[in-house]
């Protein structure tokens with residue numbers, strides 16, 4: 001890992017084919033050919049692809065499986081729906097703040113890139129470290145396991161599916177989607193589009209069925225909707241936390257900003273389209289659940305959508321477990337697509353080994369970063385209680401998201417003349433920062449042990465930053481340098497990859513912004 005000096009060009013490697021003398025003479029006599037393409041990730045994500053990425057990553061298995069996380073802390077349907085609406089509104093505010101950040105700092109990497117721009121390399125590295133070590137691989141392992149469970153469970157109706165079979169199918173799912181994203185960016189976006197449509201159609205079917213029941217007069221569950229509501233601030237805080245976890249993923253498109261066509265237009269537009277869609281779907285889906293199921297049914301169900309389907313879909317109830325699996329598959333694809341770009345950008349900034357910022361010379365996909373992401377997720381499949389690990393990063397997740405928006409306010413003050421294609425009222429980032437402080441403090445009191453473990457995981461990156469980034473390369477252990485050089489060379493040959501070139505136009509634009 002090498003920290004590059006500001007202004008120093010990124011080293012580039014070019015594959016030069018062997019040519020015979022006759023070939024050279026033939027080339028001289030032939031018409032001049034177009035110069036080779038610049039070795040960079042290509043802008044292949046359209047507005048529709050962007051909407052699919054955001055919606056597909058936000059709508060995971062949670063809305064199908066465990067909306068009871070909000071209900072258990074609110075104790076009433078009325079208060080539960082209010083919390084879902086507040087969670088959606090808060091997520092919309094955060095997404096709008098990220099839309100401004102994404103059009104102002106046109107780099108991939110989401111909060112990592114924004115923290116790097118505002119506060120420098122150390123805090124950005126810690127943010128990258130937490131994602132690399134826990135957040136991304138744990139989340140992907142859990143999604144893959146959930147997918148495998150819903151695929152295998154119908155074959156074992158009276159017992160739990162075999163542990164090893166679930167883990168092997170989860171591993172196959174991760175490897176398949178990694179291959180798809182290594183092959184072509186378009187393959188990844190087409191998979192995303194298809195599975196996003198599938199999960200939205202499944203949720204619309206649930207919503208329509210619920211509204212039909214409601215129109216038929218089944219409104220008894222809403223007659224005293226707020227009866228028994230919990231007004232305890234601690235419980236309401238935990239309910240909001242559960243809702244916000246289901247809304248997570250609204251920053252997906254910010255991880256791939258550099259690959260979006262016309263990002264200054266399409267990034268905020270995709271966010272503006274996606275957020276109302278997801279918020280409306282979540283609220284209406286819960287209304288459908290609450291129309292058919294009473295509170296005890298919801299709280300006792302391991303998969304609320306499946307229980308709902310058993311009571312309403314009749315012979316077609318089998319479609320909902322399939323829909324949950326498809327939703328997980330699409331969500332996993334979006335996560336792999338986004339997190340690989342995070343590692344790619346981290347490598348390009350000198351915070352990870354150079355080999356992770358290589359791309360295939362013909363397909364223009366970050367194959368080493370994708371393979372690294374795949375390896376980390378597969379390692380976490382070995383951990384038997386991988387679901388426990390998700391409790392460690394709720395504190396750090398909201399800390400870094402909030403810090404990104406603090407950076408937005410800081411850059412407003414530090415660089416007031418910097419061009420901002422989208423400039424929000426300062427009211428939005430201030431409100432989001434205040435709410436983020438609340439979301440950071442709550443786990444420290446309600447889940448102290450797990451929060452402290454999360455802080456410890458973040459701080460474990462400090463010695464790695466010192467050894468791999470802060471320390472000059474000449475002072476790092478020779479053995480480590482030789483090993484990294486050998487791995488980099490082998491990866492380049494095996495994956496047919498080279499380091500990306502600096503985008504001169506983008507660099508000049510960034511210089512004009514900071515002048």
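Just so it is clear, glycine is given a Cβ too, placed from its N, Cα and C backbone atoms.
Topology check against Swiss-Prot: residue 100 and residue 296 carry distinct topological domain names and occupy opposite sides of the membrane. Feature transmembrane segment, per Swiss-Prot, maps to range 45-65 of the set 24-44, 45-65, 339-359. It is 168-188, from the ranges 168-188, 483-503, that Swiss-Prot records as transmembrane segment. Segment annotation: Swiss-Prot labels transmembrane segment over residues 267-287 (candidates 141-161, 267-287). Sequence-distant neighbours of the transmembrane segment (236-256) (same chain, 6+ residues past either end, Cβ-Cβ under 8 Å): 45, 50, 53-54, 57-58, 60, 62-63, 67, 69-70, 72-74, 79-80, 83-84, 86-88, 90-91, 94-95, 98, 101-102, 108-111, 113, 230, 267, 270-271, 274-275, 278-279, 282, 331, 334, 337-339, 341-342, 394, 397, 401, 438-439, 442-443, 446. With a threshold of 8 Å between CB atoms, the same-chain residues lying at least 6 positions outside the topological domain 'Extracellular' (66-78) that come near it are 84, 221-222, 225-230, 235-236, 238-239, 242-243, 245-246, 285-286, 289-290, 295, 298-299, 301, 303-304. Across 79-99, 115-135, 195-215, 267-287, 386-406, stretch 267-287 shows the highest tally of CB pairs under 8 A with the transmembrane segment (45-65).
Applying DSSP to the topological domain 'Cytoplasmic' (100-114) sorts its residues as follows: 9 helix, 0 strand, 6 coil. The stretch with the most CB contacts under 8 Å to the transmembrane segment (267-287), chosen from 195-215, 312-332, 386-406, 426-446, 452-472, is 195-215. Between the transmembrane segment (312-332) and the stretches 79-99, 195-215, 386-406, 426-446, it is 195-215 that has the most C-beta pairs under 8 angstroms.
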